[in-house]
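According to TrEMBL, the feature transmembrane segment maps to A:6-27, A:64-85, A:132-158, A:179-200, A:251-274, A:281-299, A:374-400, A:421-442, A:489-517, A:537-557.
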Amino acid sequence: MNTELVGSITQIVLMIVLAYPLGMYIAKVYKGEKTWLDFMAPVERFIFRLCGIDPNVEMSWKSFLKALLTINLFWFFWGVLLLYFQQYLPLNPDGNAGQSSHLSFNTCISFMVNCNLQHYSGESGLTYFTQLFVIMLFQFITAATGMAALAGVFKAMASKTTQTIGNFWNLLMKSCTRILLPLALIVGCILIVEGTPMGFDGKMKLTTLEGTEQMVSQGPAAAIIPIKQLGTNGGGYFGVNSSHPLENPTYLTNMVECWAILVLPMAMVFALGFYLKRKKLAYSIFGVMLFAYLASVAINTHYETKGNPMISAMGIDQRAGAMEGKETRLGAAATALWSCTTTVTSNGSVNGMHDSTMPLSGMMEMLNMQINTWFGGVGVGFMNYYAFLIIAVFISGLMVGRTPEFLGKKVEAREMKIATIVALAHPFVILIGTAVACYYWVYNPAFVEAEGGWLNNPGFHGFSEMLYEYTSSSANNGSGFEGLGDNTYFWNFTTGLALIISRYLPIVGQVAIAGLLAQKKYIPESAGTLKTDTATFAVMTFSVIFIVAALSFFPALTLGPIAEYFSIYR
Amino acid sequence: MISTLFKSFKLTVAFCILFSVCYIFILWIFAQVAGPNKGNADVVELNGKIVGAANVGQTFTQDIYFWGRPSCAGDGYDASSSGGSNKGPSNEEYLAEVESRIDTFLVHHPYLKRGEVPAEMVTASGSGLDPDISPKAAYVQVQRVAAARGLSPEKVMALVSANTEGSLLGLFGPEKVNVLKLNVALEKAAMNK
């Protein structure tokens, strides 16, 4: 077996092996049990005292959500203002300009909702100040927001009957100080040793061997990259994200960065098992997610290492795989693995250009985001799965004639309505968005031309570029078929809206379901209870997800990647 | 609402101090001590003069140098504006471009058969700054470089081998050759001829 495949397999094994103890640790943190990071407690207490927050007040699900949404609203103003006025702020050695109003709107929303869609390029679109006080700050705190929401859901699922689901501020803080910060420090140190820049000197001016001048962008990259990976943020320091040789200098950094994408989402599933003391449930959920993830990894690795058939037809040596948009030090297999890892989670960082991947690899990338429940973003990913669990419980309850119950709580009409809205909002936003874009493309070419023409590729692939953009926005992923010229009024505003809807609607819906279920009377398990931790139920959930989520998208996928596949594999 | 907004403001400022100041400071100190070039990009020198960043590729067009991959960063290897081509696999215009790159490559390496042209030498990298090529892509250039330099092909081949970096721990990932480092080694060998 070749070294590239061994590398990919090792990365997956390392994720799973290390996610397990991390999950155990996370469950302890959220339960408030003793951990070895308790020396952070005085810092947390000090901050809470300064802010006038009492971290011990238990909140109902409504006040929990109110706190969550209010601080997010505040972050919106914080981000837009700093981005818009960045040229007047300090730490701008490269003299970069402020962002336009529609770009700062899009950028701020995109980082606030943990998506990190980037319609600018890091080298020229941001200053060191906004990189640190908007981008990196948001990468920590918005990831922590998702984690805090999940911790609330855990609490709700674990208690028999409760009106409260924990304290939002406390869970937010602990996600930052106990989980994200220590992990980011470790990853950051590895990156620095391997050659990722971490300084404030501005561009480096060089004379190359052939005597031309080269300006090398650098800066505090090694601080931002760890959290962009760990927090399933994905917004790169440099324009081309982790395919940049300073952002991802060696195969080792690539392994560490790719590991960092998935380890927390995986750990969250294990954490659920430890928190609820229902390990079997966690394993069955983990099994479903892992199966789907590995299937997409296998498909993408196959197509990327085999290369582009149109280039094979030219009669040259393509044994290295489809290298357009990929890096030599990483290889085709590592980019295939990363492309799946980043799309099953809502990460969205890339180590190669997705726009240039083979048609069916591109389809798997989109499908992963369209389903959006395999591991998913830190915190929010599992919550998407939770909505589908509720639907699966309800449907299988009807099928076998048992009362639909989940963890001792009756699932009734109100929860079902919320779960259905959450599950259907995602395809709605993606398909309507793409349809509107296509409408403009066909019926208003003058408008599209005035916006720079949008597409970088003709035909089926051009359609895929638009479909990918809304998929990525709605999945809060942030990767792109980056050929799309998306820094325009149309794309900045429409994807901005897609981002808001698909971040807050699910969070509100899922926390509400958990809160509503938690208030209900606890029904002890009996012979009539539908078992939710069996392999049968795992298959059932998988089928529900696949039917509801995947099939909604197949007509659209047929027009894009599938049609393109048939056009080049003859 | 207003009081929560005010709390949010204070908490955000506290997070700024924790992350954007403390966390940054720790990593910055670490980079000063343990980083390859005190927190800046690592550089390569020739005769005491800096000739490039080790991890950032640069344009090589002359026959006396090994060439890197095609680049779509700015006008080519623009390290302040990284970028890939983002061309789809079925794009006719793109395929024609690859075709013409193959022809150009063959003109400069007339001793090669078409089937020996490595695909990565005619496809653009993701970042446009790929500092490496595969050992195979270096081997096919040896004869041209040796002829242009007046060195023996064996000697140039030995330089390529000496500059080939193996897989991580011999197990993980592809082998690679850093084009800039190889060319610097080549310059040194030519000086001592």
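Note: Cβ is positioned from N, Cα and C throughout, glycine not excepted.
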Leading stretch by Cβ pairs under 8 Å, where the reference is the transmembrane segment (A:132-158) and the options are A:6-27, A:64-85, A:251-274: A:64-85
Paired segments the transmembrane segment (A:281-299) and the transmembrane segment (A:179-200) in contact, 3+ CB pairs under 8 A: no
Interface present between the transmembrane segment (A:179-200) and the transmembrane segment (A:489-517) (three or more C-beta pairs under 8 A): no
Contact ranking winner - A:6-27, A:64-85, A:421-442, A:537-557 against the transmembrane segment (A:251-274), Cβ under 8 Å: A:6-27
Beyond the flanks of the transmembrane segment (A:64-85) by at least 6 residues, Cβ under 8 Å: 98-99, 101, 103-105, 107-109, 111-112, 126, 129-130, 133-134, 138, 141-142, 145, 148-149, 152, 165-169, 172, 504, 507-508, 511-512, 515
Non-local residues, at least 6 beyond the ends, that sit with Cβ under 8 Å of the transmembrane segment (A:421-442): 370, 372, 384, 387-388, 391, 448, 454-455, 463, 466-467, 469-471, 473-475, 490, 494-495, 498, 501-502, 505-506, 509-510, 548-549, 552-553, 556
